[in-house]
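These features come from TrEMBL:
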type     : residues : note
TRANSMEM : 12-32    : transmembrane segment
DOMAIN   : 19-290   : domain 'Sugar phosphate transporter'
TRANSMEM : 44-61    : transmembrane segment
TRANSMEM : 73-91    : transmembrane segment
TRANSMEM : 97-117   : transmembrane segment
TRANSMEM : 149-171  : transmembrane segment
TRANSMEM : 183-202  : transmembrane segment
TRANSMEM : 214-241  : transmembrane segment
Amino acid sequence: MGWLPAQGRLAAGLLVNLAASICIVFLNKWLYVRLGFPNLSLTLVHFAITWLGLYLCQALGAFSPKSLQPAQVLPLALSFCGFVVFTNLSLQSNTIGTYQLAKAMTTPVIVVIQSVAYGKTFPLRIKLTLVPITLGVFLNSYYDVKFNVLGIAFATLGVLVTSLYQVWVGAKQHELQVNSMQLLYYQAPMSSAMLLFIIPFFEPVFGEGGIFGPWTLSAVIMVLLSGIIAFMVNLSIYWIIGNTSPVTYNMFGHFKFCITLLGGCLLFKDPLSVNQGLGILCTLFGILAYTHFKLSEQESSKSKLVQRP
């Protein structure tokens, strides 16, 4: 029976990540739609709570901070700001279905960036999986009855900046020999400082609609809860990657993708046409195929390393 505690911890970690990942989407959407809470200000709250959470984690010995120069982290902090802000603006302006599918375009864009900027080559079968992903996103967006140009612009910018961020994070982790928590420990306060400077130019700070406006106690609690859940998402992703296989992590991600789409239809009454449904299925097929081929590629590489004398 010695395996039960380990299995229980794994199940608990997966459930925490599932609940947090789904709750953060719906809670943020509710804060934007029902309360009209300012986007940049909510992002600032998320960054501040993430940094405080990481500070507690390192104080408790969960990880050891590594000394880094601000100039080394500055590009990441800027792109971190951009990808979170534009992703949240996409969520605020689009239906949850369009928001969720737009994020799937990150994979094709990363492939393009790595091919053009870093000279990385990808097998033909990997490139072909990007066709159904892109086609599905286009079908969903084209037939979305709540389609709006501003929302698509935010989604596009979100995808571009997120893709750059993910490529840079991988490169920086390798270059600086740090893990994701050590890197985020420096990014979060720098990104918070940037937003503190930017917010007064785009959003009210005091008065109606400002971060220090006359919000009710329940609204303040929901905003703080959103920040705590955002931190839990980051922490649980780090834990899952360290304690499960790539197959588990990716398959679990697809499950969350489907649950979030379903929740958007049920909770926010997002309309879903037959053509949008086909677009979602098309994108999901492309994501599953891409994951299958990438994992097969990784397993093949491991086998070759093991077989070497």
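Placement of Cβ uses the backbone N, Cα and C atoms for every residue, glycine included.
Given the structure is predicted, the values throughout are model-derived calculations rather than measurements.
If you look at the transmembrane segment (12-32) against the transmembrane segment (149-171), you find fewer than three C-beta pairs under 8 angstroms, all six or more positions apart, and that falls short of contact.
Contact between the transmembrane segment (183-202) and the transmembrane segment (97-117) is not supported: fewer than 3 Cβ pairs lie under 8 Å, counting only residues 6 or more apart in sequence. Two recorded stretches are said to be in contact when at least 3 C-beta pairs lie under 8 angstroms, sequence spacing 6 or more; the transmembrane segment (214-241) and the transmembrane segment (73-91) fall short of this definition. Averaged across the domain 'Sugar phosphate transporter' (19-290), pLDDT for the predicted model comes to 82.
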